[in-house]
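K.L.:
What follows is a single structure, and I will ask about it in a moment.
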């Protein structure tokens, strides 16, 4: 379940949005959970709205002026409307003064109050993007997520197949590590899965015989990535005896794996002695990039083969006719 607390929102956006607690002596926290928001008719964040309330209400100078001109009865009615909504936080933007009625309201209702000198539109725009990422549908998968040639590639396979060793080889060739063992995937768009690493495992790669390796320390800052959109799955499959010959040499259809209702291209690479898996992964990524541009090597070969066959057939027909 994806969730974010108001305290976390405050801490992770404090510097860029110049946030301050409106009531520093009585900081109150609340949780925003994606299943509650999905089952609600309220918008996530927006300017102060009493008719269609938001989970996070943002007050600018215009909103404060509106509240100041209300009489006591009308103001109480409006605040009661807020109290009945699923209000998670109030943010007073534009460096506007916090009305005393709002201070009293948040203390009575135990609602977090934040103030900022940043423009309200800037706050809404940035927090919409932040909350969309934090509250996106999420799932964890076992594998290694890498940035290979600018593309997010997740290497999967059963335990002991050599995922970490392959990842280490790719990192040594200049590619980047995103996550090892546990990959957190968030659906941040209709067709986009973003992968990242849990904080506990960030920068680390476990390799049998070597233990835990700090990739950032060993290879430098450019060898790790904070997050990456996953576009390709490379599945490593062990081969037994001569079973490598059983794999299709010219696959006519592309494989896809559905994760969080998003289709991700999948390539299966047989693991056998003597195969350079790092080169194969790089080739798979380059080939997929070409396919995204409309260039399919397999289909091109098939068309060339069919054209050659058609030419030979026509030539054979002409020879038979002349005889």
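Each residue, glycine too, has its Cβ placed from N, Cα and C.
As annotated by Swiss-Prot, active site applies to 142, 163, 249. Taken from Swiss-Prot, the feature active site, proton acceptor covers 181, and the record attributes it to sequence analysis. What Swiss-Prot records for 157, 158, 159, 160, 161, 162, 163, 164 is ATP binding site. What Swiss-Prot lists as Mg(2+) binding site is 164, 206, and the listing cites sequence analysis. If you look up Swiss-Prot, you'll see 270-275 marked as region 'Important for the catalytic mechanism of dephosphorylation'.
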K.L.:
So of all those recorded positions, 159, 162, 163, 164, 181, which one's Cα sits nearest to residue 142 (active site)?
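P.N.:
Sorting the recorded positions by distance from residue 142 (active site), the top entry is 181.
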K.L.:
Find the average pLDDT over the region 'Important for the catalytic mechanism of dephosphorylation' (270-275) in the predicted model and report it.
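P.N.:
A mean pLDDT of 86 is what the model gives the region 'Important for the catalytic mechanism of dephosphorylation' (270-275).
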K.L.:
Given the ATP site residues 157, 158, 159, 160, 161, 162, 163, 164, which other residues of that chain have a Cβ within 8 Å of the mean position of their Cβ atoms, reported in sequence order?
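P.N.:
Near the ATP site, the remaining chain residues are 236.
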K.L.:
May I ask you to report the DSSP-based helix, strand or coil state of residue 164 (ATP binding site)?
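P.N.:
It is helical.
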K.L.:
What's the most sparsely packed of the active-site residues 142, 163, counting other C-beta atoms within 10 A?
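P.N.:
If we count Cβ atoms within 10 Å for the active-site residues 142, 163, the smallest count is at 142.
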K.L.:
With DSSP helix as H/G/I and strand as E/B, how many residues of the region 'Important for the catalytic mechanism of dephosphorylation' (270-275) fall in helix, strand and coil?
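P.N.:
So the counts come to 0 helix, 2 strand, 4 coil.
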K.L.:
These are the binding-site residues: 157, 160, 162. Which one scores highest on other Cβ atoms within 10 Å?
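P.N.:
Counting Cβ neighbours within 10 Å, the top one is 157.
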K.L.:
I want to check the contact list for residue 164 (ATP binding site): same chain, sequence separation of six or more, C-beta distance under 8 angstroms. What comes out?
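P.N.:
Looking at Cβ-Cβ distances below 8 Å from residue 164 (ATP binding site), excluding near sequence neighbours, one finds 144, 180, 205, 206, 207, 208.
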K.L.:
How many Å separate the Cα atoms of residue 163 (active site) and residue 157 (ATP binding site)?
P.N.:
7
K.L.:
Let me check the 10 A CB neighbour count of residue 206 (Mg(2+) binding site). How many other CB atoms are there?
P.N.:
15
K.L.:
Should residue 142 (active site) be counted as helix, strand, or coil on the basis of DSSP?
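P.N.:
SS state of residue 142 (active site) = strand.
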